[in-house]
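Read through the structure below, which is laid out as structure tokens, and then see the notes.
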Amino acid sequence: MSNPSCIIIAITGASASGKSSIASTVHKELCNELGCQEIGIITEDSYYKDQSHLEMTERVKTNYDHPNSMDRDLLIQHLKNLKNGSAVDVPVYSYVEHTRTNETTHFTPKRIVILEGILLLTDERVRQLADISVFVDTPLDICFIRRLQRDMEERGRSLQSVIDQYRATVRPMFLQFIEPSKQYADIVIPRGGKNRIAINMLKAQILHLLNQK
């Protein structure tokens, strides 16, 4: 069944910039206003490439901040399917095994799909499919502190490993790919999830688009 009223919101920015917080806030508040059956979140992380054919020694070398780590074709196909009113089975990625699991998450068509990830606007096809593109513009030092706390507390990583990864891939890839993609955003949100005015503006624009469909 066609779903011409499906609106895709792409929310991007640096790792730990507050993307997930904004996506979660918008999702929760629109759930209350429209009903949770009308809105869903898909994370770009789910579309990292399957690496089950590689040995673990090769998998751990993955640069998760480079566009080549993503299965873009599958993501684009899923977005098109949702636009056309078809359900999709979103992959489940394991950072422990550095590859996809055998499980998927069944995602039914929604009026609003929030897509969240660091590399979204680096792909022209995603930009064309997104009805609203958002860049969360948070200073890199703040992002690093948040990432450091998160990875040590939630993922059991050492201080040195987080610092090494930040220097080797996170910061260089942000400067090379993510920051330049800000030019494609319709809305730039400073201060991340604490910017209440910007979140209200984003919600208002989403509701405006819904009324136009």
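One is the number of the first residue shown, and numbering goes on along the chain from there.
Note that Cβ sites are derived from N, Cα and C of the backbone, with glycine treated the same way.
Per Swiss-Prot, ATP binding site is recorded for GLY13, ALA14, SER15, ALA16, SER17, GLY18, LYS19, SER20. DSSP assigns ALA14 (ATP binding site) to coil, not to a helix or a strand. Counting every protein chain shown, 28 other Cβ atoms lie within 10 Å of the Cβ of ALA14 (ATP binding site).
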Among SER15, SER20, all listed as binding-site residues, which has the most CB atoms within 10 Å of its CB? SER15
Write out, in the order they occur in the sequence, the residues of the chain not among GLY13, ALA14, SER15, ALA16, SER17, GLY18, LYS19, SER20 that have a C-beta within 8 Å of the mean position of the C-beta atoms of the recorded ATP site. ILE118, VAL136, THR138, CYS143, ARG146, GLY192
